[in-house]
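Notes to accompany the following structure.
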Amino acid sequence: MQPVRKLVIVGGGTAGWMVAAAAARFLTDGQRTITLVESDAIGTVGVGEATIPPIRSFNQMLGIDEGEFVRATGATMKLGIEFVGWGVAGDRYLHPFGDLGYDFEGVAFHQFWLKHRGQPDIGALDDYWLSAAAIRAGRFAPPAPDPRSPLSTLAYAYHFDATLYARFLRERAEAGGVTRVEGRIGEVDTDDYGNVGMLTLEDGRTVEGDFFIDCSGFRSLLLGKALGVGYRDWSRWLPCDRAMAVPSRVADPLPPMTRATALGAGWQWRIPLQHRTGNGLVYSSAHMGDEDAERTLLSGLEEPAEGEPRKLSFTAGVRERQWEKNVVALGLAAGFVEPLESTSIHLIQTAINKLFWLFPAREISQVERDEFNMLMTDAYEYVRDFIILHYKATTRTDTDFWRDARAMDVPDSLARKIALFREKGRVRRFDHDLFAVPSWVAVMLGQHIEPEGYDPLADSMEDDRVLEAMRRMRTGYAKAAQQFPRHEEYLARLTGGVSAR
């Protein structure tokens with residue numbers, strides 16, 4: 001195969017324009033053309049999008065100014081996720097971003113909390129996250145670079161309008177040399193070796209390429225349809241197969257968090273943007289009909305709806321391979337895990353990073369293709385297990401949906417992780433596991449997986465010393481958060497009072 005001189009991206013939307021903007025910055029050498037083919041007649045799934053902290057590194061990699069980005073996309077800041085009704089109907093807990101307390105002599109902080117939680121004034125686990133204190137106060141500040149500052153323990157992400165983000169990236173990509181071709185694809189031509197060589201549009205125009213990136217959404221036009229790569233169905237663990245989304249008016253005040261509320265046959269998201277609020281219901285069609293879903297969604301809005309609900313159908317899972325021949329799939333074309341932990345864009349970002357690391361200089365290497373497929377399969381499976389945990393770790397028995405969730409068998413990788421945590425609160429992380437120990441701890445304890453003991457290494461420090469440090473930590477975080485500006489004030493300063501409203 002010749003060097004990749006013609007890179008073709010099929011589909012726009014968030015995935016297509018993310019990879020196009022990144023390719024314009026890192027894969028242009030004066031001899032390679034980058035073409036993106038999309039049709040305005042084909043809608044995208046664009047909704048209010050919640051993200052996790054690594055999105056900041058992607059924007060920084062592209063040289064994006066944060067204030068410009070926030071203005072252009074209607075973005076707000078996100079310090080974590082509030083889960084309502086997951087462990088027990090009506091209860092709530094936070095999955096905050098950033099550090100959980102401070103580790104003592106190499107022992108994870110939560111082990112000391114487990115040991116001492118029966119003591120007076122120890123408080124809840126999330127009292128030891130500065131991000132959680134800021135969420136409760138409705139305030140925001142960015143992390144401090146000085147590791148001695150409590151603010152260094154913060155981490156944040158964004159909520160933004162996915163359609164506006166794609167438009168924002170499109171401008172950067174086209175300015176960087178990407179050519180956009182408007183049109184619907186009618187045929188995909190492959191050569192004698194099974195590689196895609198040319199796209200024929202419905203109007204007869206053709207687009208030739210050496211390497212193709214499939215961002216065609218659930219259709220998976222190249223990887224799934226043209227190359228026939230199969231799909232691993234995960235619906236036995238993740239039974240939700242429908243989503244319904246609707247915007248509503250701006251939230252007041254703007255909470256620096258996403259909310260996920262468990263309902264009778266699924267869950268509802270709430271994502272605050274500067275110019276509106278994104279809402280959606282993810283549900284199982286085996287447990288709830290579409291009419292009931294629409295009524296449930298609309299009745300759960302905290303602000304008046306602006307528009308009619310849009311329905312999506314999906315099957316949780318992932319392609320057996322995400323790089324086949326000369327085609328790599330990104331985003332929905334590669335797989336789908338429901339956005340309970342805001343991982344959709346991160347999986348696109350991960351694929352871009354891995355692809356660029358392994359991008360073929362000349363011929364495509366089977367070794368590098370296998371490495372990409374292994375890394376991306378792992379990435380999806382780590383996210384899958386974390387999402388399944390939210391369903392499995394429930395005490396709810398009020399509906400068939402939750403009874404089924406409690407009774408289901410889970411992947412061995414997750415079963416081992418739960419069993420290990422039940423013993424002494426230990427968390428085993430794998431090499432490329434997206435979620436750090438505090439994230440697993442937040443969800444497991446938040447959903448009432450109670451360890452029978454704690455790590456004996458927590459006995460290595462004097463109790464009085466630990467308790468005093470915990471007291472200072474807890475009160476210090478609460479006081480520090482009160483000094484932050486209100487979320488709305490911070491956004492106004494960052495954007496100069498100009499937003500996407």
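Cβ from N, Cα, C; glycine included.
Just so you know, TrEMBL annotations are computer predictions that nobody has curated.
Per TrEMBL, the features are:
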ACT_SITE  LYS78  active site
BINDING   GLY12, GLY13, THR14, ALA15, LEU332, ILE345  FAD binding site
BINDING   LYS78  7-chloro-L-tryptophan binding site
BINDING   GLU341  L-tryptophan binding site
>> I'm trying to understand the geometry here, so how far is the Cα atom of ILE345 (FAD binding site) from the Cα atom of LYS78 (active site), in Å to the nearest whole number?
In response: 15
> Between GLY12, GLY13, which of the binding-site residues has the fewest other CB atoms within 10 angstroms in the structure shown?
Replying inline: GLY13
> Tell me, how many other CB atoms lie within 10 A of the CB of THR14 (FAD binding site), whichever protein chain they belong to?
Replying inline: 24
> When you measure from the Cβ of ALA15 (FAD binding site), which residues in the chain that are at least 6 apart have a Cβ under 8 Å away?
Replying inline: CYS215, LEU330, GLY331, LEU332, ALA333, ILE348
>> For LYS78 (active site), which of the three DSSP-derived states applies: helix, strand, or coil?
In response: strand
>> Restricting to the chain of GLU341 (L-tryptophan binding site) and a gap of 6 or more, list residues whose Cβ falls under 8 Å of its Cβ, or answer none.
In response: ILE52, ILE81, HIS95, VAL383, PHE386, ILE387, PHE435
> In sequence order, which same-chain residues at least six apart have a C-beta under 8 angstroms from the residue listed as 'active site'?
Replying inline: ALA50, THR51, PHE97, TYR156, ALA157, TYR158, HIS159, PRO256, MET257, THR258, SER342
